Structure formats: C-alpha cells, structure tokens
Ligand SMILES: NC(=O)C1=CN([C@@H]2O[C@H](COP(=O)(O)OP(=O)(O)OC[C@H]3O[C@@H](n4cnc5c(N)ncnc54)[C@H](O)[C@@H]3O)[C@@H](O)[C@H]2O)[C@@H](O)CC1
Ligand SMILES: [K+]
C-alpha cells in the first residue's frame, strides 16, 4: 500500500487525556445491573481464596488492608513448620532460602521499578532471615537493581559463606556498619530489612539496635516531605515482637512486608501499603496439619499480594517513558510491514496477549462503544477478528461500517491506532478459523447469545454441558450462523512511541492524505499542461520562435508522463483497496 507519512511531535499526555475520569460520575444513578454475556476477550478472574474446606482458622480482621480470611501463625507454629519442612518433608534450608529470597525480590520488583528505585541496601542479620536478604540481593542484581549489603554478624556456615561468595563474584559491595553513609536517605532508594525473622526474642543487641533505630527514624523524613527510602521487611519487621508487633510504637514502620510461608501474628499490625506473601513451597500436609488458609499464587508468580492495594491519587500516577527515538528514516514505507515489525517486537518482549486490541464502533446514533477483542489475522487485506454477529459491535457495524482499533504495548511504550472501514470475512474464512479453535471455545460460541440479558450463569452452564455431551463423540461442531469474522481495511495507521517529558513520537500513514496529494498534483499539472498547449498553439501561428516550440513540446511530454504515473498509482491503490 502506498501512503503518505506524517510525523507529529506531541507534547500532550495522550493517555491521561484519553483516560480522564469525570468526578461527577458518582451522581450517576445505576439500576440493578443485569447479567450479560460478555465479549470474547474477557477471561473470568480466578478465585483468590483457595477455599480450603479444611480451613477452620479464619481470621476476621477489621483492618481494611488485611485479608479477612487468611491464617496467621504464632512464633511456635512458625518454628514447628520450619522443622517439619526440613525434617520429615525432606526440604533443605538452602532450597527454602532460595525460594524465600526470590519471593522477596519479585515482590520488590512488582512494586518498585528499578528505573526509579535502583539503589538497594540489604541489611542482613545472623540467621536465616539474613540469608533470605542475601539471596534477595542477588536476584535483585539480576533484575537490574544496584544492591549493597550490610552484613555485620556473618555466620561461618558453608551456606552463608557460599551466598557471600556469590554476591562478591557479582561485585556487589559489602559495607560495614561504620562504612554506612550518615544519611541513608541520600544514598539508597530501598532498604531491605533482613535482620530478624520469627526466631527473634527480647530486645535487639548491638549493632542491630542502632541499625533498627536508623531504619525507624527514616520515617521522620516523610514528615518533612523529603524523599526517604522505602523499607521492605522480610517476614517480620526487625525488632517487632513476632506475635504482638511493634510494642513500643517506635519500631520500624515498613512500606512493604513480605511474609514467608504464612504471615505471623505481628503482621496484623502492619499498616504499610504493600503486604505480600512469598515462599511458594507449602505442601498440603502442612496446610492440613495447621489448617492454613492461604491465597493461591497467580500464574507462575513467586509472590501474591495480601491485603488491599493502596489507595492512589490518580492525578499523581505518571510514567516517564524511556524509549529509543522513533524517526521517519527508520520506518517501513508500507504501514503493514511497520505493523508486523512492532507486533513481532511485542511478541519477542513476552507481552501477555499482544494481539489484544480495543475495538471502537459507533452505530447510526453516533455514540461510540469500545471493548477488547483479539486480533486473529493480519495481511495486506486488513486486520481480522471474530465475534458474535448479534453482538452490540456487530449491530453498530451494520449501521456504520467504520471502526477504530487500538493496540497498547505497555512494556514497549508503544501504541498503534488503525482506522478504516469494516466488512464481514467470507463464510469459508470464518468456518476455517472456527474449526481451528479448541472444542470448548466452539461450544462456547454456540451457547453464547452475546449482549443479551441471560437468566443467570446456571442456565448458561447447563446449555454448555448439554452441548458438550452431545459432541463428546468428537463429531464436527457446526459453526453457528451468528458467529464469524470481520476485517478492517485500514485508511489510517498511527504508530506512537512514548518519549521522556511527554515529547512523544507519532508517525502517521494516511491513505486519504495520499489520494488528496495525488489529486492536487493532477490538478496543478493539468493547469500547466493547458498553458503549455496554449503556447505551442501560438507557435503554430508564428507568434513564438521554433526554439521555444521545442521547449514547450518537451514540457508537454514530461507533464503527460508524470500524469500517467500518477493515474497508475491512484488506480493501483484503488484496485488494492477494492480487493
Ligand atoms: N519455612 C520457614 O520457616 C522458612 C524460614 N525462612 C526464614 O528464616 C527465618 C527464621 O530464621 P531463623 O530461625 O534462623 O531466625 P532469625 O533469622 O529470625 O534470627 C535468628 C538469629 O537472630 C539472633 N537473635 C535473636 N534475637 C536476637 C536479639 N534480641 N538480638 C540480637 N540477635 C538476636 C539469634 O541469635 C540468631 O542468630 C524466617 O523469619 C524466614 O525469614 C526462609 O528462609 C525460608 C522458609
Ligand atoms: K526482617
């Protein structure tokens, strides 16, 4: 496709503009919602509670930040579980420590990006809690952070000396207590408190008493609105009573607590914004024996947030996009090739569902609707997705066959907008794709009466089950008449690359602009042709010399040639468009 490319440097905040929320929304009177069949993209969230039927130790806590049903352990139980894991259950301390430290590092990385919080100080104690801190520091190094370690009471066991050697081989600096800068706030963004865990008792002895005090006093900076490092406590905020919490009220107030195995009783007193659970190794025997209620871990994650995420000031949410410049010289002449290039980048970056796109349509009333759908094909003819032909989008497209598609690839700071006209794909194409889908999805499409109010999930599931039984012999599941694909034929592509300070790069390919440019060329050249013909007529009647006559003839020839090229380009384009 031949198109014109236009580049716009913009200083507006593209996302903030489009996501602006009106505060008057609260006054909107909503009737009781009906249960609708959802659009294809939406996946049902997996339950958070693993609903252990054997769980009787539910903790109902009034704190809005704490999960209502999670189990908490006493100091004795924590020590017992530790012994059982490393005794009859066959775990080694190295294994558990590695998984615990990895959980801490992943929880940190989930909340505090290395681009903003790179400088980490891990203060490690003499026991296993200190070991977790050493392991977490190693993983954080590999995640792109710059950790330093303060490890004043080293344990001369092979496990710990090995961890130290591993860190030294990565050139991670070890700082003595004396070497620590007098103002920790200036030097570090994250303080990992890995001094004491569930075996702590009494009051902290030197040098940890002083180190704990220094961490506790960091919060004074908050009060003076200076930037202070965030504190991440491993398993227990060091110095807190394992069950009673911060008895004096003057202890460490961590911003993040990563409870390991299960939270200990003191965690009920945690008031920071980020409470995570790590240590994804608890076997069912332990769950049963201690009647634990623990949340399931999402996907392959090593940590899970427990407690509500903090309330945020939406207006303060902003990202400074750091990405390479996106210049005209670098782009493909054909927007489809450019799209493929960026799509491949999104796949290579491991982004989840890079084919997820927001589809916006509007019916004859002009009121737009958007929803996420999945791109299922792209070639020179356009972009294809499949859906229910009785859905709202289908209804709107029947009234107004134009749509806008938006891809947002977060990890790459990229957005692609595609606009154009839409038509149904052929029945054969829909049939072919329908039968390539998993049988469950094929039955789902038969069950679905999308965008209609359903009596309830029960009826919906019953129908699914009936059809599943009907086709359990593996026979061909017929494509429902109301199911098929759409193809958007692009008229405009806009590629957006986020840049620092909102100086984003946008490159636009516009077919309309291409045609407009070509026509304006034709009009100008026709005018010139008329003038040239007029003068060559004058020559015929002897008004001009023979020399000028030759000049006008060659001009006429050149103009005719250019016009022919222009006509060919336009007809090629129109032909491609009508395909
Ligand atoms: N399943 C589990 O039980 C797991 C436990 N792990 C970690 O292991 C921790 C428990 O480890 P440990 O049992 O080694 O104990 P800690 O790391 O909690 O601390 C024990 C050390 O602290 C010293 N200590 C205790 N009270 C003190 C005080 N008042 N002043 C100065 N020093 C004091 C002790 O002499 C001992 O050297 C957990 O909190 C957790 O971080 C993880 O590594 C993996 C799994
Ligand atoms: K700790």
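Each residue, glycine too, has its Cβ placed from N, Cα and C.
Keep in mind that TrEMBL annotations are predicted by a computer and have not been checked by a curator.
In TrEMBL this protein carries:
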- 128, 129, 130, 131, 132, 197, 198, 199, 200, 201, 202, 203, 235: (6S)-NADPHX binding site (BINDING)
- 129, 193, 238: K(+) binding site (BINDING)
- 78-314: domain 'YjeF N-terminal' (DOMAIN)
Item to check | residue 129 (K(+) binding site): secondary structure state under DSSP, collapsed to three categories | outcome: helix
Next on the checklist: I'd like to know which of these binding-site residues, 130, 202, is least surrounded, judged by other CB atoms within 10 A.
Outcome noted: 202
Checklist outcome for this item: One should report the C-alpha separation between residue 238 (K(+) binding site) and residue 200 ((6S)-NADPHX binding site), rounded to whole angstrom, as 8
Item to check | Extra residues within 8 Å (Cβ to Cβ centroid of 129, 193, 238), K(+) | outcome: 123, 125, 130, 133, 194, 195, 196, 197, 233, 234, 235, 236, 237, 239
Next on the checklist: For a Cβ distance below 6 Å to any atom of ligand 1, name the binding-site residues from 202, 235, 238 that qualify, or say none.
Outcome noted: 202, 235
Checklist entry - When you put residue 193 (K(+) binding site) at the centre and draw a 10 Å sphere around its Cα, which of the binding-site residues 128, 130, 200, 202, 235 have their Cα inside it? => result 130, 235
Checklist entry - Could you tell me the C-alpha distance between residue 235 ((6S)-NADPHX binding site) and residue 129 (K(+) binding site) in angstrom, no decimals? => result 8
Checklist outcome for this item: Quick note, residue 129 (K(+) binding site) and residue 198 ((6S)-NADPHX binding site): C-alpha atoms separated, nearest Å, by 8
Checklist outcome for this item: Over the domain 'YjeF N-terminal' (78-314) the mean pLDDT stands at 94
Checklist entry - Which binding-site residues of 129, 132, 193, 198, 202 contact ligand 2 in the sense of C-beta under 6 Å? => result 129, 193
Next on the checklist: Fewest other C-beta atoms within 10 angstroms of its own C-beta: which of the binding-site residues 128, 238 fits that?
Outcome noted: 128
Item to check | Site diameter for (6S)-NADPHX, Å, by largest Cα distance between 128, 129, 130, 131, 132, 197, 198, 199, 200, 201, 202, 203, 235 | outcome: 22
